[in-house]
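**Student:** Sharing a structure here in structure tokens format.
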Amino acid sequence: MAAACTRTLGKVGRLVLDTPTCRFTNTAAFVPRTSMRCQGRAYGTGSSGFKSRLLLAAPVRGSGRVLGCAFLLGGGFGLYQTIKLTLQHHLAEKESDASDLDTDLKLTLYQYKTCPFCSKVRAFLDYHRLPYEIVEVNPVMRQEIKWSTYRKVPILMVNGTVQLNDSSVIISALKTYISSKDKKISEILACYPEMKSKNDRGKDVIEFGNKYWVMVHDADADQLYPGKDSRKEEIKWRTWADDWLVHLISPNVYRTPTEALASFDYIVREGKFGSFEGFFAKYFGAAAMWIISKRLKYKHNLQADVRQDLYKAVNDWVAAIGKNKQFMGGDEPNLADLAVFGVLRVMEGLQSFDDMMEHTKVKKWYSRMQKATQHVS
């Protein structure tokens, strides 16, 4: 959760530095997404131990300034080791395997590995066996994309010259290219115009027109969408994945102090912290994420137990597929299948993922999607 941790820990530190005292109470909380463009996450499950729970459950009193410094110090240690671990994983990453498609595209994906939007793009590329290189972006400095005026991930570079932004635009544009075969990527990109505006807080925002549409001729559309409402349903559920499902990930991953600690415990363990560094990174880092994230539950009007929102969303998706189809797309996954799978996949290895598999009907569909998107080695 490097990107979210960076901004969240900074906010917590400044907040606590300006606050006379700070008190923790043992209530559930949720982690905020970072502009909903990239939410990474820390991995790992399992009990954090009785002492761990006591440290978060017990009230903390004292100088707000000292505690704020502790948050920043712990966050800094944790962030450094997280970035180092991410870079180690990146060095071990290989280019994806050969394509089943006759295409001369050279694709480079700039990403955070645990971002659900980046995961969506990888699911699409893997399913279509499109070879691509990965550049893991440093979530703090983002030096890897300093050349880009667009500062969010994923970014996909095509043949080193054409830049595609926004996960849904990337997927729609590439699907158009694969399906039409008579247009250049640069020509297709013009179908998804960038629109700049300001939100109600006066912040600049960027959206993209037509981003859920695959731009093909009628004859190609009939082949691509054989069902009466298949195109409409694909767009509906792709939009749902971006506008609702992705909002449920962070609240469930960091639902309780124990789950937050379990996630940070993984980072500390894999990052080979010293005992002092590990203490601050694990306990203060997890506490910071836990406290700040409380607002997310109210912002998105979630239930007291956010697992129930996740279960309902996933079961709604399975019900929409129906009993007589393997995928939303029928016998093969469509873009909605790939989007939903990409979002849910970032919870793998966490308690929230295990609970979802146990308490919903998604397991069979998810298993089929795993097989469909596997790399060919």
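The backbone N, Cα and C atoms fix where each Cβ goes, glycine too.
On a predicted model such as this, the values are computed, not experimentally measured, just so you know.
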**Student:** So Swiss-Prot lists D166, S167 for glutathione; which of V137, V153 goes with them?
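**Tutor:** Same glutathione site in Swiss-Prot: V153.
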**Student:** I'm validating the feature mapping. Which of 66-83, 210-227, 264-281 is tagged transmembrane segment in Swiss-Prot?
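**Tutor:** That would be 66-83, the stretch labelled transmembrane segment in Swiss-Prot.
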**Student:** Take the domain 'GST C-terminal' (266-377) and count its residues per DSSP category (helix H/G/I, strand E/B, coil), listing them in that order.
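**Tutor:** Grouping H, G, I as helix and E, B as strand yields 75 helix, 2 strand, 35 coil.
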**Student:** For the glutathione site made of V153, D166, S167, how many Å separate the two farthest Cα atoms?
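**Tutor:** The span, Cα to Cα at its widest, is 8 Å.
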**Student:** Among the binding-site residues listed here, V153, D166, S167, which has the most company in the form of other Cβ atoms within 10 Å of its Cβ?
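**Tutor:** The residue with the densest Cβ neighbourhood is S167.
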**Student:** Sort the residues of the domain 'GST N-terminal' (105-182) into helix, strand and coil with DSSP and give the three counts.
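**Tutor:** Tallying H, G and I as helix, E and B as strand, the rest coil: 29 helix, 18 strand, 31 coil.
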